[in-house]
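The structure appears below as structure tokens.
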Amino acid sequence: MFFRMSLSQGSYMLVNSSQHAVGHRAQLMLQTLSENDTHCVQFSYFLYSRDGHSPGGLRAYVRVNGGPLGSSVWNTSGSHAKQWHQVELAVSTFWPNEYQVLIEATVSRERRGYIAIDDIMVLNYPCYKAPHFSRLGDEEVNAGQNATFQCVASGRAAEAEKFLLERHNGDILTTASVKHLSHRRFVVSFQLDNVQQTDQDLYRCVTQSPRGSGVSNFAELVVKVPPSPIAPPQLLRAGSTYLIIQLNTNSILGDGPIIRKEIEYRASQSPWSEVHGVNVVTYKLWHLEPDTEYHISVLLTRPGEGGTGPPGPPLVSRTKCAEPMRALRGLTAADMQSRQLSLQWENLAFNLTRCHTYSVSLCYRYTTAGGGGGHNTTVRECLAVEHNASRFMLRDLPPYHGIHVRLSLANPEGKKEGREVTFQTEEDIPGGIAPESLTFTPLDDMIFLKWEEPVEPNGLITQYEISYQSIESSDPGINVPGPRRTVSKLKNETYHMFSNLHPGTTYLISVRGRTIKGFGQTALTEITTNISAPTFDYGDMPSPLSETESTITVLLRPAQGRGAPVSTYQVVVEEEMVKKVKRELGLQECFPLPMSHGEAQARGTPHYYTAELPPSSIPEASPFTVGDNHTYNGYWNSPLDPRKSYLVYFQAMSNFRGESRINCIRIARK
């Protein structure tokens, strides 16, 4: 009910604040509008309290296409004298879009006075007091860049005009810069810094003043993520100074379109990197260092500033070694004695080796004259030089002999040999047969022994006497010490082949030369024959004892050690391939490298150890089930796949002093 005051004649809408609680709201929703041309929404309001207190607040909202209400585009509060005031809303939303104006009154804490609205009209000409915005265009930027909305408006901007950028969800950005193009045209710019995908939304420009508001259409901020490859590039081929790669950019993270592709690469230990533009699927990186690891990534760029995405996953690859630049130079003798030479040469550098994996070998030769006019013997040997060393000591050389030395520098890609340099050792006192001159090659039942004639024969050598005796054996069936046997050799026979020996047996061998005055100093050496592979007592391949879909039971017979006892047994399963040539019984290759079922699957290897058994577990012929799903010494006896064919092998191994011998036999086929 109105207090006594004269208001305009006619109808209007009114809220008497004294009749409502604090915070009560009244809303007036106008009909939905879809205009084709410039227009102006105009209404009048009355906001008055006799004692000067605020009766409440009045707000106007513009909802577009049934979306969220958002923030108010115009608002006022307080007591505005006992009169009507006119407000204009310049809404720049046109067909086919539609909008709805909502006017809301809210009762204040004072609860005194009146809030009224009247004369709501949609005029078919521009607003006079509120500026009209031109169409606001969509803005597309790349993530991490700044986005700018340029809001162009026609009309006069009041001094108290506020400029806002409203997000669709109602968030407000108030920081703006205003540029006047003419007395009735100006541009308001809003900048969003470092936008991310979470900032992608609809935005509109709003001006606010006591006399009205201008509201633009909603424009979309599209935030694109600069693209980056999901997978690293693929290596197609590597050379010593180049790498050929495939970009592998079919799958990406982020947004397209891709307008530029680049290769970024650097040496792993280098702080610098280079970027090459690429317009082909494959690319060849030139002028690289040999035997150097490189990190290679692909950069992708989409349109717009900041459109280059982060580098994709790197391909870590190494160039091949290049052939050594040249042979080593500067080979000289730092010190020469009767039985040794101290040699030195130039320092090694990478520009010479052109590979981090290289070897330097020192090969030397010398010729010794046989005593009493016998034949000459040429000794040749090549020795590996310690990595990065430029000095080497040659020892155990014959006195007063010419030593011919040659250096070789090699890496996986090639070898360079230097010129041969000759040095001469100094003289020394006479002596007998040098023990270090005895050279031998042990086999399992033979030993080949070679020696040089005495350094100083002191006469004519007439014969050599060789004695040998077994003194130790790893085979318990061999009786040691054995009988001592003696063999005589002619003066020109400085070698001997011992035959019919026992495997895995150590022999004490002595050699001495004789002149007409008798035998000289004896040279002693101990030589151990190699052990032999164990033997199996199988004839033809035995029939399996039993068989199921995933198992096969076979008979395991103990093997006989030769020179050393059997140290371990393995049961090996090999998947039989369609095109694989069948292995004949007793002629097949064995399986020295341990390979579990899981490792075989990971590496694509057709065979694996299904069990490893100690000799004590097979004192006699015993059955064993292949595929029983148990574990034997760490090897899973995996059930067999009924869809595949398998070959089963029984393998025995003997070990003695770091020497291993292995034998295997095929015992079943499933």
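Including glycine, each Cβ sits where the backbone N, Cα and C put it.
Unlike curated records, TrEMBL annotations are generated automatically.
According to TrEMBL, the domain 'MAM' annotation covers 1-129.
Positions annotated as domain 'Ig-like' by TrEMBL: 131-222. Mean model confidence of the domain 'Ig-like' (131-222) amounts to 91 (pLDDT, 0 to 100 scale).
For the domain 'Fibronectin type-III' (229-324), the number of residues in each DSSP class (helix H, G, I; strand E, B; coil) is 0 helix, 43 strand, 53 coil. Residues annotated as domain 'Fibronectin type-III' in TrEMBL: 229-324 (among others).
For 434-535 (among others), the entry in TrEMBL reads domain 'Fibronectin type-III'.
Most Cβ pairs under 8 Å with the domain 'Fibronectin type-III' (229-324) belong to 131-222, among the candidate stretches 1-129, 131-222, 434-535.
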